[in-house]
Amino acid sequence: MTAILERRESESLWGRFCNWITSTENRLYIGWFGVLMIPTLLTATSVFIIAFIAAPPVDIDGIREPVSGSLLYGNNIISGAIIPTSAAIGLHFYPIWEAASVDEWLYNGGPYELIVLHFLLGVACYMGREWELSFRLGMRPWIAVAYSAPVAAATAVFLIYPIGQGSFSDGMPLGISGTFNFMIVFQAEHNILMHPFHMLGVAGVFGSSLFSAMHGSLVTSSLIRETTENESANEGYRFGQEEETYNIVAAHGYFGRLIFQYASFNNSRSLHFFLAAWPVVGIWFTALGISTMAFNLNGFNFNQSVVDSQGRVINTWADIINRANLGMEVMHERNAHNFPLDLAAMEAPSVNG
């Protein structure tokens, strides 16, 4: 009888825990995805802060030339970064217990792999938590779908690209100048500016900025005034009010006359779907482009293929970009190799005389 009562009490505790985890009455919704999200993001954040402040230099290229990234080793907020895991480790799973000592783990850039893997797991769980909360509230799942765009982008640069290139040392450093270095090297090695998916991503980001500004300014300019001239128009809004807060007919008419009639939405729902879908699809394409270039399916490289009727080369901006890429690649990892791969693969010119 005692054993039966204890089991029932245990089940009751588990049931109360389940109800608390999945309750939508909590100030912050936890959910089953949150059970995994909270420890992974806390771990990633804690290790990032500690490593950014005090991590020793990392032998990123595997040639015994460690690179400093922390504040205590001479960097500032702009130049500091979490240096990626050493090329000597490659794609190996490298937890602390796989190293001979903590010093070795730090020297080989173990914190980077720890942070990145916990971060990716955490943001994926955050996306799942968004879906879970939407489901329990009876909402549609599009919030989680929209969030999948930055999750896909982060996964592309932190996981897919290193897998394609064969080493976590090719991942994006976790810092401001390190991010810029990653972008420059990526352009040099993959010609991303000439990749159609990157172009779609640029259209998504810049286009969504334009559309967001246009929508916000149109709504703000066509508010239904509920206050006097001496009060802010914003004071006329009550949270949860059933009435429209702005005149969509006026906004539609203004924009239709400014450009042309069918450039303006007359359906608020389709308008907001468009505002959400445009940047999400653009960033999806960018993430897909990074993932394809990870396996060296690179951007267009015309290689002086534009010629006139006589076969003479017509120089284009694409050729200028190619020359810039070679210059950037020469400067990249200059102590790890003598020549960029594009130059080293060519035959040596013949010398007469």
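Cβ coordinates come from backbone N, Cα and C, glycine included.
Among the features that Swiss-Prot reports, chlorophyll a ChlzD1 binding site is placed at H118. Under the heading pheophytin a binding site, Swiss-Prot lists Y126, citing sequence analysis as support. Sequence annotations record features per position, and here Swiss-Prot assigns [CaMn4O5] cluster binding site to D170, E189, H332, E333, D342, A344 based on sequence analysis. Per Swiss-Prot, the feature chlorophyll a PD1 binding site maps to H198; the stated evidence is sequence analysis. Here Swiss-Prot flags H215, H272 as Fe cation binding site. According to Swiss-Prot, the quinone binding site annotation covers H215, S264, F265. Annotation comment: Swiss-Prot describes T2 as N-acetylthreonine. The annotation phosphothreonine is assigned in Swiss-Prot to T2 on the grounds of sequence analysis. Positions annotated as site 'Tyrosine radical intermediate' by Swiss-Prot: Y161. Sequence annotations record features per position, and here Swiss-Prot assigns site 'Stabilizes free radical intermediate' to H190. Residues or ranges marked as transmembrane segment in Swiss-Prot: 29-46, 118-133, 142-156, 197-218, 274-288.
Shown here: features listed in Swiss-Prot, placed on the structure.
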residue: H118; record: chlorophyll a ChlzD1 binding site; contacts (Cβ under 8 Å, 6+ apart): T40, L41, T43, A44, V47
residue: Y126; record: pheophytin a binding site; contacts (Cβ under 8 Å, 6+ apart): F33, M37, L41, Y147
residue: Y161; record: site 'Tyrosine radical intermediate'; contacts (Cβ under 8 Å, 6+ apart): D170, G171, M172, I290, S291, M293, A294
residue: E189; record: [CaMn4O5] cluster binding site; contacts (Cβ under 8 Å, 6+ apart): N298, N325, E329, H332
residue: H190; record: site 'Stabilizes free radical intermediate'; contacts (Cβ under 8 Å, 6+ apart): M293, N296, N298, G299
residue: H198; record: chlorophyll a PD1 binding site; contacts (Cβ under 8 Å, 6+ apart): I192, T286, G289, G299
residue: H215; record: Fe cation binding site; contacts (Cβ under 8 Å, 6+ apart): L271, L275
residue: F265; record: quinone binding site; contacts (Cβ under 8 Å, 6+ apart): H252, L271, F274
Rounded to a whole angstrom, what is the C-alpha distance between H272 (Fe cation binding site) and S264 (quinone binding site)? 12
So among the binding-site residues S264, H272, who's got the most Cβ atoms within 10 Å? S264
I want the residues beyond H215, S264, F265 whose C-beta is within 8 angstroms of the mean position of the quinone site's C-beta atoms, in chain order. M214, L218, A251, H252, F255, L271
May I ask which of the stretches 118-133, 197-218, 274-288 has the most CB pairs under 8 A with the transmembrane segment (142-156)? 274-288
Can you name the far-off residues of the same chain, 6+ from the ends of the transmembrane segment (274-288), with a Cβ under 8 Å from a Cβ of it? 142, 145-146, 148-150, 152-153, 155-156, 197-198, 200-205, 207-208, 211-212, 215, 265
Widest Cα pair spacing in Å over the listed quinone contacts H215, S264, F265 is 11
